[in-house]
Amino acid sequence: MHAGSGNDMDITRMTPTRLDDEPDAPEPETREDDNKTLNSPISELEGRLFDQRKVLIFGGINDKIARDVTGRLLALAGTSDKPIDVYVNSPGGHVESGDTIHDMIRFVDSIAPINMIGTGWVASAGALIYAAGRPERRVCLPNTRFLLHQPMGGVRGPATDIDIEAREIIKMRERLNRIFAKETGQTYEKVAKDTDRNYWMSANEAIAYGLVNRIIHSATELK
């Protein structure tokens, strides 16, 4: 959520609501030769991943990642109804961008089934994205860790506007808790209590919690 720029005394300024513990990373610089790498090894890798119907969600979650993942999912769903493998390794990021990817996974899954594969760490907004997959199609690699916690936001401005944004964050927290309760089978009360602080889980603990269906050790185990 963004507010307009202007005099700090009368304009509320809010950072996007986050689901992580990390500060915003600097945006990558756009170089003139970025569009001239069609034959580069990176482009070849992206092409092969696309042909194999694999999507990587690695790093912080922001609007650029959301746009890229949305485009890939829609393009893949438009070419075939075969399964799409989505790999998630993320510390989290902006809730709104996570919401976009979460909803798009649900949207595309009605056309082409999506396998969610957790690896590394699946934290915060990354866990929100991961939870978009069907329960039976949520898997992870053996050493994956998962983190659930409440959203955070920053705002400054008139006290009335700060109060409004604080209430919105509470609503967001309640909405996210409902999502995780539904997707894990836990009660809303338990999820609310667990996410009041950083709630870490190993792969096996995430299975017991209901977030992960099973651990896989090879690509041949994907359906």
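Heads up, the Cβ atoms here are built off N, Cα and C, so glycines get one too.
Feature list (source: Swiss-Prot):
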- 1-40: region 'Disordered' (REGION)
- 21-32: compositional bias 'Acidic residues' (COMPBIAS)
- Ser124: active site, nucleophile (ACT_SITE)
- His149: active site (ACT_SITE)
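Annotation: Ser124 carries the greatest number of neighbouring Cβ atoms among the active-site residues Ser124, His149 [cut-off 10 Å, Cβ to Cβ].
Ser124 (active site, nucleophile) sits 6 Å from the residue listed as 'active site', taking the Cα positions as reference.
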